[in-house]
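Peer 1: One structure, pasted below without further comment.
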Amino acid sequence: MKNTERIANLALAVYVGCHRSVKPTPPSETMSNEHAMRFPFVGSAMLLSLFLLFKFLSKDLVNAVLTCYFFVLGIIALSATIVPAIKRFLPKHWNEDLIIWHLPYFRSFEIEFTRSQIIAAIPGTFFCAWYASQKHWLANNILGLAFCIQGIEMLSLGSFKTGAILLAGLFVYDIFWVFFTPVMVSVAKSFDAPIKLLFPTGNSARPFSMLGLGDIVIPGIFVALALRFDVSRGKESQYFKSAFLGYAVGVVLTIVVMNWFQAAQPALLYIVPAVIGFLAAHCIWNGEVKPLLEFDESKTAATSQDGSSGDKSSTKEQLIWVTKEMIDVSAIGIDSLLVCLLRQIVGGDFSDGDLWLCFELNERIQEMLLLWARNGFPVGALAVHPQQTLSALCTIMSLPINSFKDFAAAALATWAAACI
């Protein structure tokens, strides 16, 4: 495989993963500085454990277990990768309606999926079966690229400070385990699973050159963070372009040095300085170092959630105000409207906002019943079964006001029974 084709494959995976990481809402879970500091040590422990595993156990046995594991993981990764491409051709409810499956004998363990994901998993299953039976390098690379896209899409560094800490730690980690010990190279050669990309060399003594997925995903999530930073500011992807260009330059340097010396190279030795260097030079040139360092997705997510909660609360308050005004003027059909609102709440959850809305609607219904008691009881949706209605009202009023869950459960059940 030509070097230009290798670079194109890697660049495509990073580019697709970065753009798929841009979501309507910021990620709710991000990596902290402490996690970034510990990551190289955790990675070292895992790497050393695999090295000892291959040393003291049968390599065929270990790889057989790993093949089963990556068979399942590959189906999930491939289906998640192709779902966005096929969902537009499927019915809308296939993409939205969740199917919940409980594991037999372990009812607390549940898996959620949609019909679209099942459809996407069918070709993924056949493809993984081909990989497990043939172990072809092309199948290995396609699975590896799917893992890369999913990793870049789902993982979030949170801030550029955290990203710099992580990349700096893994920069040292990669150099140490490749140049100063045989551990990294030994595990990479023994590990027969799609955790690396294979590139045919045409040399029988050294048939494949390799690039670990970590050398793609770790810098890739940093590049994706630059893209989301651009999107958050509503500007063109200027810093994404510089970070992506730095990544491409780093990969080119890695391949050139690897071919020159015909020996394993720590890819992060070249990729990390290139990515951080290009991005740093660009933001220094624009004089925007401070906003870049202050960017934090976890704070953005919290602000977004607060704003969303505020909007929902405002809408509910307006709804209660409108119903109160309609009751005050004895609007025709207000009883039917309240019944419909209560029916809608039955399908909701026990969040604080929904419980408050349920309580306030109950208050409005009491006001309406008192008004009807003074001015005459009309024949309406609530008057069809006045005895059940009043019984339901008494049941609700007998509960302590601060017992929100008991109140909601009794209110929703009794009013639904009385009004339907």
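Yeah, the Cβs are placed from backbone N, Cα and C, and that goes for glycine too.
The domain 'Integrator complex subunit 3 N-terminal' annotation in TrEMBL covers 313-367. What TrEMBL lists as transmembrane segment is 39-58, 64-86, 138-157, 164-188, 208-227, 239-261, 267-285.
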Peer 1: Can you see whether the transmembrane segment (138-157) and the transmembrane segment (208-227) are touching - at least 3 CB pairs under 8 angstroms, only pairs 6 or more apart in sequence?
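Peer 2: They do touch: at least three Cβ pairs between the two stretches lie under 8 Å.
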Peer 1: For the transmembrane segment (39-58), find every same-chain residue at least 6 residues outside the stretch whose CB is under 8 Å from a CB in it, and list them.
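Peer 2: Residues 166, 169-170, 172-173, 177, 183-184, 186-187, 190-191, 214.
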Peer 1: What stretch, picked from 164-188, 208-227, 239-261, has the most CB pairs under 8 A with the transmembrane segment (267-285)?
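Peer 2: Ranking 164-188, 208-227, 239-261 by Cβ pairs under 8 Å to the transmembrane segment (267-285) puts 239-261 first.
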